[in-house]
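Quick look at what TrEMBL lists:
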| type | residues | note |
| --- | --- | --- |
| DOMAIN | 16-298 | domain 'ABC transmembrane type-1' |
| TRANSMEM | 55-76 | transmembrane segment |
| TRANSMEM | 133-151 | transmembrane segment |
| TRANSMEM | 157-183 | transmembrane segment |
| TRANSMEM | 238-258 | transmembrane segment |
| TRANSMEM | 278-297 | transmembrane segment |
| DOMAIN | 334-567 | domain 'ABC transporter' |
Amino acid sequence: MKEIFSYVKPYKWTALIAFCLMLLELFVELAQPLIMAKIIDDGVRAQNQGMIWQWGIVLLGLSFVAVIAGVVNSYFSSHAAQSFSYDLRNALFEKIQSFTLATYQKFSTASLITRLTNDVTQVQTVLFMSLRIMLRAPLAVVGSIVMAFVVNAKLALFLVIGAPIILIFLIFMVAKGVSYFGLVQKRVDRLNRVLQENLQAIRLVKAYLRGAYEASRFDEVASSLKIDTVKALRTMEYIMPVLLFIMNMSLLAVLWFGTKQIASGTTPLGDVVAIVNYAMRMTGSFSMFAFIIIFYARAKASAERMAEVLSTENEIELPSPSEKTSKGLNFGELAFEHVSFTYPGGDSPVLSDVSFRVRSGEKLAIMGATGAGKSTLLQLIPRFYDVTEGKIVVEGKDAKQWDLQELREIIGYVPQQSLLFTGSIADNVRWGDAEAEMDAVLQATMQAQIHASVEDFPNGYETKVGQKGVNLSGGQKQRLSIARALLRKGHILMLDDSTSALDVKTEQALWEALSEEQATMLVVTQKIRTSKGASRILLIDAGKVVAYGTHEELLQTSVLYKKIAISQQEVEE
Ligand SMILES: Nc1ncnc2c1ncn2[C@@H]1O[C@H](COP(=O)(O)OP(=O)(O)OP(=O)(O)O)[C@@H](O)[C@H]1O
C-alpha cells in the first residue's frame, strides 16, 4: 500500500488543499452542536429572540461555508485521485512492457488486465474517498470526543469508553477483509481469462458448437466470483451492528446520567443535547468508517497485487555499462555455440547443444517436425528468453552484451501467427519503422507481394484493419507481417513458417523478391521447395541438430532429410 501511495506524491498539494477543505467542513460540523446548545440555553430557555436570530444566522452562514468547502473539496479530491490512477496505470503498463516472456507467462494476460483496470480503480476510489470522507470519519470521532469534553467532561467519559473497543474490532476486520478480497480479485482474474479466451476463439466456439459449454464455463467462474464476494461482504456485515450496539450503549448511559444531572440542576439541558448530538455524530462517523473499510480492505488487496507487478525484477540479464559495446561489425552474422534451453519452470530442455553459424547475407532454412524447437530457437535471438547454456553470438558479440534495444532494432521478426493491430494498413506496416516515408512502405509491401491486394481495397493503405486483422485473409495477414519486418531494414530477418497460407505462385514471387535482400535470413519451413533455395539447412529433431549443410549435402548425408524430400516430391508429382 505504501509503495502504491507514493504515486500520490506529485499531487500532494492538491491532496493537501482537499484535506484542509475537509477539515474546514468538519470544523463547521463540530461547531454546530455547540451553537445549538447556546441557542437552547441562552435563547430558547431565556426567551431571548434576538439571541436566537443572531446565532441562527451564524449557524446558516457556517452551513453555507460547509457546502462551498464540500464542493471545492470534491473538485480537488477527484483531480488528485484521477491523476494518481493515471500515473499508476502508466507505470504499471511501462513495467509490463519491460517484462520478459517468462514473466508474462507467470502473471497471465487476464490477471495483468485486471490489475491495470479493476485493481487501479479500487485504489483510486479509496483515495478519492479518503480525501473526501474517509479521513473525516476518524477525525470526526476524535473531534466529537474533544468537543464533548469541552461541553461536559463527566458525560463525555461515556463516549470514550466504547471507542478503543471499536478501534481494535475494526483493525481485526480489515485484516480479515484483505485476505477475502484478495481472493475476490483472483476470481475476477479467472472471469477475465475465460471471457478473453472465449472472445478470442469465438469462431471456433461457433464452429464446434461449444456455446453451451462455454456458457457453463462462464457461469462457473461468475458464480464462484459471486460466492466469494458475498462471503467477503458478509464478514464486513458484522461491523455495523457491533458498532451500533457499542455506541448505543454509550448513548443510553449519557441519557441516563444526563437526565439525572438535569433533574439535580448540575447540568443545563443544552449540554446534554450537545453531548447526545456528538454521540450521534460519532455513531454516524463510525458507521461511515465501517462502510469505507470494505472499500479499504478491497483496495489494500488490489494495492498488493499492483505492488507485486511493480516490484517484479526483470529476469533478462542486462549488460553493465562497461560491458556494453556498440553495434556489432559483421553485418547480420549469427552463431549458436552449444546452446541449450529449458523453458522457465520446464523440466527438460527444448533445445540441446545446438551449434551453427550463418554468414552475412546467407539464408538458413530451419526444418524439423512440429514441436522440434524451431520457433523457440528463433525467439532466443532477440532474447525473448535467455539461453540456459552456451551462447548466441550476433555480429561477433555475445547477445547478452548487446543493448537490448539495439539488438532488437537489427532484427526483423515475422512470428508464426500473424498479428495485426487496430489501425490502418499503413500504420500496421509502419510498426517496422514508425518514421518510414510512404515510398519505403510501398517498397516493403511490393517486396512482400501484398501491394496489389492493398490497392484493390477501396481505401487502399488507409483501409482500417479490424481487431487482430479480422477483415483480412490469412495470406494477406502473413504478407503484411512480412512487409512490416522488411520495413525494419534489419540485419537479420526471421520468418517463422510465415508463408504457409500463400499459394505456390505468390510464394515463389516472394522468395524471388527476398533474394535481393541484404539481410541474413532465418526461415523456418516445412517445404523442401523453400529449403532448396537456402544457403544452408539446419534440421532439428527433439531439440537436437541432426543435420546441417546444403540441400545437396543433406540429400547425401541425412536419411531423414532425404525422406522428407522424397515424400514432398511425391506430393508434388
Ligand atoms: N512458452 C512455452 N513454455 C513452455 N514450453 C513451451 C513454450 N513454447 C513452446 N514450448 C514447448 O517447447 C517445445 C518446442 O516448441 P516450438 O514452438 O519451438 O516448436 P516448433 O518446432 O516451432 O513447432 P511447430 O512447427 O509446431 O511450430 C514444444 O514441446 C513446446 O511444447
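Keep in mind that glycine also has a Cβ here, set from the backbone N, Cα and C atoms.
Caution: TrEMBL annotation is automatic and unverified by curators.
Small disclaimer: the values here were computed from a predicted structure and weren't measured.
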Excluding the flanking five residues on each side, which residues at least 6 beyond the ends of the transmembrane segment (157-183) place their CB within less than 8 Å of a CB in that stretch?
141, 144-145, 148, 228, 231-232, 235-236, 238-239, 242-243, 246-247, 249-250, 253-254, 257, 275, 278-279, 282, 286, 289-290, 293-294, 296-298, 300-302, 304-305
Give the nonlocal contacts of the transmembrane segment (133-151) in its own chain as ranges (CB under 8 Å, at least six residues past its ends).
19, 22-23, 25-27, 29-30, 33-34, 37, 126, 159-160, 163, 271, 274-275, 278-279, 281-282, 284-286, 288-289, 292, 296
Against which stretches of its own chain does the transmembrane segment (278-297) lie, if we need a Cβ under 8 Å and a gap of at least six residues from its ends?
29-30, 33, 122, 125-126, 129, 133-134, 136-138, 140-141, 144-145, 147-148, 151, 156, 159, 163, 166, 170, 173-174, 176-178, 180-181, 232-233, 236, 239-240, 243-244, 247-248, 250-251, 254
State the non-local partners of the transmembrane segment (238-258) in its own chain: residues 6+ outside its ends, Cβ under 8 Å from one of its Cβ atoms.
154-155, 158-159, 161-162, 165-166, 169-170, 173, 267, 271-272, 275-276, 279-280, 282-283, 286-287, 290-291, 293
